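Can you read through this structure? Questions will come right after.
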Amino acid sequence: MRILVGVLLGSSAALAAYTLLRVRKHEQNSSWHAGLPVFKLKNANGMEVHISVFGAAILKMLVPDKRGSRADVVLGYQTVAEYETASPTTYFGVIVGRVANRIAGASFSLGGAEYRLLANDGANALHGGLKGLHKRVWEGRLVHGEDWDAVQLHYTSPEGEEGYPGTLHVSVTYRLSKRENSLATIITATTDEPTPVNIAQHSYFNLGGHASGTVLGHRLRLHGGDHFTPVGPNLIPTGDITPVKGTPFDFTDPDPERPRWPLHSVGERIEQVPGAAPGGYDHNFVLFGMGPQARIIVKDGVASDRPKLAATLVDPASGRAMDLATTAPGVQFYSGNFLDGSTVGKGGVRYQKHAGLCLETQGFPDAIHQPAFPSVVLQPQDTYRHELVYTFYNLEDGPAKAGAGAK
């Protein structure tokens with residue numbers, strides 16, 4: 001496996017912050033001009049991942065198809081500057097938190113105190129605020145194992161940042177396997193005061209390649225995702241945990257003729273999803289068949305001690321497939337509804353509606369207000385831990401046998 005770290009020309013202060021980086025090899029890349037390191041991991045199977053210290057973002061993810069042709073399967077910007085300044089914020093590939101997803105009313109009570117957050121989604125707080133973890137510069141270094149190589153990133157969120165209590169020490173490790181096309185993400189955090197923590201990885205996937213059009217023809221299966229958390233106005237959960245059977249939210253079934261293929265495509269029933277414009281999926285699914293018992297089963301924010309299979313995504317056109325495994329109790333399936341062609345991404349591509357989709361493993365949205373949901377409050381004596389693994393492969397029965405289910 002080759003590991004490259006791009007250290008770019010820029011402000012001396014930005015570079016000085018990273019003098020602890022142990023760089024085996026570096027190269028310049030003039031398109032990333034912010035003066036911050038860009039880590040590049042590559043294995044012998046042709047998978048390559050580019051990671052920025054800004055927002056701990058996955059910038060690129062190159063994955064081969066069965067013919068060996070590689071495509072960048074995540075949406076993103078051309079420059080780090082755009083991750084800082086883009087409006088509206090898309091959260092392409094970044095780590096979001098302290099609390100991913102929405103907190104109703106941008107406030108909560110904890111330990112007898114009331115905390116006011118910065119509202120950045122109407123009256124609500126979204127993905128940690130205006131300058132959450134996604135807009136912070138992290139410290140980074142390379143770490144190596146027998147079967148993997150990795151980038152390890154750290155950030156300390158001071159007490160009161162974006163309105164949250166306690167000082168939070170966060171670590172994110174991106175670990176690329178040498179043996180298979182598998183990228184693990186390990187997120188940990190500790191605090192010195194009780195505080196809500198729900199940190200997520202926010203990559204947008206298009207397995208045909210980021211510039212290949214929409215994901216409406218991708219097929220999706222959510223393993224054990226037989227319940228979801230319905231939302232009301234402004235995408236705030238109602239507090240209910242509802243069965244998906246018989247609704248457009250049912251992505252639990254495999255194709256009966258090809259068991260490795262999910263039955264339903266993303267676009268097959270998307271017009272049936274209730275809600276205001278722009279429509280589409282932006283909902284949390286309860287994983288592993290836990291349903292309403294999730295509050296009892298989940299301990300310290302963890303549904304499983306080891307990552308379990310949560311989702312399978314297949315692009316019939318390219319034959320690329322991805323399994324997502326996680327320790328988290330939920331996954332937010334977002335179908336890229338707010339992309340509208342105004343966002344210009346890598347290579348000058350304009351990302352249209354549904355150009356990519358997110359599968360954000362997480363605790364449940366607005367859990368701080370919902371007694372029926374598993375708690376997201378981290379105590380000082382505990383360590384928050386959230387693992388997820390993306391594993392890519394190619395289906396032998398490929399695009400010629402994609403079937404009528406894809407749109």
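Residue numbers in this text run from 1 along the chain shown.
Cβ coordinates are placed from backbone N, Cα and C, and glycine is handled just like the others.
Look at TrEMBL and you will find Asn101, Arg102, His202, Ser203, Tyr204, Asp282 tagged as beta-D-galactose binding site. Residues or ranges marked as active site, proton donor by TrEMBL: His202. Annotation comment: TrEMBL describes Glu360 as active site, proton acceptor.
Help me see these features in their spatial surroundings.
Under a cutoff of 8 A between CB atoms, and with a sequence separation of 6+ in the same chain, the neighbours of Arg102 (beta-D-galactose binding site) are Asp121, Asn124, Ala125, Leu126, Asn234, Leu235, Ile236, Pro365, Asp366.
Counting only residues at least six positions away in the same chain, the Cβ atoms of Tyr91, Phe92, Gly93, Val94, Ile95, Val96, Ala100, His127, His134, Cys358, Glu360 sit under 8 Å from the Cβ of His202 (beta-D-galactose binding site).
The number of other CB atoms found within 10 A of the CB of Glu360 (active site, proton acceptor), across every protein chain shown, is 22.
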When you tally the Cβ atoms that lie within 10 Å of each candidate's Cβ, which of the binding-site residues (Asn101, Ser203) has the highest tally?
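Per the Cβ count, the most surrounded site is Asn101.
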10 Å Cβ neighbour count around Asp282 (beta-D-galactose binding site)?
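I get 21 for this one.
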Please give me the CB contact count at 10 A for Tyr204 (beta-D-galactose binding site), counting all chains in the structure.
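Within a 10 Å radius of the Cβ of Tyr204 (beta-D-galactose binding site) lie 26 other Cβ atoms.
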